[in-house]
């Protein structure tokens, strides 16, 4: 379903320019919706999709008898087409909340659906996955919660097949992951749903599905990475996830992603990179992540190498995701002399500086990471000097964005403090003039004056 | 953004962490007005920082759902009926119709109206079913040609041929080539493969066969487990059923038993 169709172009009934225009409109609509706290609304997701896919096709409200009939046909019909057809009809009906309610209240309905999801008939599995899809769209939490107990079983069943993941299995897995991600996005998720998810075997299954290797499927991984993100950013019990090896699994996945990015032009990889960045970054803020001597920590410097390879990839494919990658870099380097040293020894300062022209947000993050390195003392500043750093800083001082300039000032101060000759070089490169233009800016003036003093008088 | 060449090698190299340079902080560093302190940052779900990534995620989902919500990518057209006389099947997708026509109407035996997936199979059928000379020759020599194009084996009986198809060419023991006369609904793309390997009982219609050889009335149960490959030969129908519900092109006095 997802995997097969990703990358396939829909027949172009309009020009490329029109498509780009439409995409920009959709993006704008989504941004607006998010700001209004409506992005989690499945209605938004569904309306757009429905409009395009099923114009003129009105979903019916089915009663108990009809639903039972469909389920019976699906389970015991003699012809595959007939069974499939029953599921298609059921799925259409499930677009209506009334039908959804009836469905979950009908005894054995979920059980039957689970049976079909584990059917040995590929097409039935696919249609059943679509039904699950519909249910997971429900605005009514009761409906979505009804599906939750099945998820564990399904994941167990599907994981059992991991040695021979065939296409329908992957599709069902993807549908499950998506359904779960919808569930976890619900407003009441942190109180009601996430605790029970964390108390089940689901997290272990999810982490298993995210393990790099020949069985890793991009579509499946994307859905479960987002699931993990919703769980983690809800801050319910991240320490538990860390004890289950989340940091090391996600770290290895990051390495795998960087490898994949080097090998292929697949534009879908940023869809996985984004939730992985988020999960890792948020987990790194947990006290458990800092626990000394644990194998559960993230310490491998290959993670830094991988991250830069991904940053380069994002710079070309999706620059708007650079901040998320740099956020991870910040969280990796903030309290880690080891990772800061890696940045220096792997020669990554210059590539980092290249990102300074992308956007203000990116610049602030880059400067913050550089500050993370510089604040660790003279041994670090020495390795930052000489090189392009000074001229980059003079450039950023010319920005008008207060935050960018502010962060530049912080970095300058650290350099002046720890690196002899830095202030001198700064003066020689007309640094004072660069500072002058910000003398009147409220948030900056104190720091500007302090730096002017240091530069002139040592 | 140029990355140092050694970086890729590092990624491919062994796990390990850098020996950290000595940390040595001067208290003057964090004195007012300067305030920088390194700290890992955490963002909750609704934070604006996530806006961009969320938007990209939703764009992707919208694309996916458009494809999922509708049928698998097939251009839809207004409903139309198959124009072949006697066929009233209705379609709303050209691909379905194409497949239907190809499967049920293209290679049709003019004698008995059975439909076949290919011209080759149709020819074989006509030869074996509607050619009186064939039957005469078949009594004296191997006339049943292997159905796989390119395989030159010939067999004495239809049953022997079937055994060969299963053993040598890995056909499923319950395969059939014909399609029943009554069409069943829009045929899925790829049903040509299904034609070759229909599971017993799948179409729910007992074979009303009046075959070239004696043919059992009921469909045989699924094949024996892999370890007993030869055992199946006692359980398969005594002939391949090439057609169904058809009239014979020429009359036979009685069912032939000789070639069992």
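The backbone N, Cα and C atoms fix where each Cβ goes, glycine too.
In TrEMBL, the annotation region 'Disordered' applies to B:1-25, one of the ranges B:1-25, B:26-50. Taken through DSSP, the region 'Disordered' (B:1-25) splits into 7 helix, 0 strand, 18 coil.
Mean per-residue pLDDT, taken over the domain 'C2H2-type' (B:82-105), amounts to 71.
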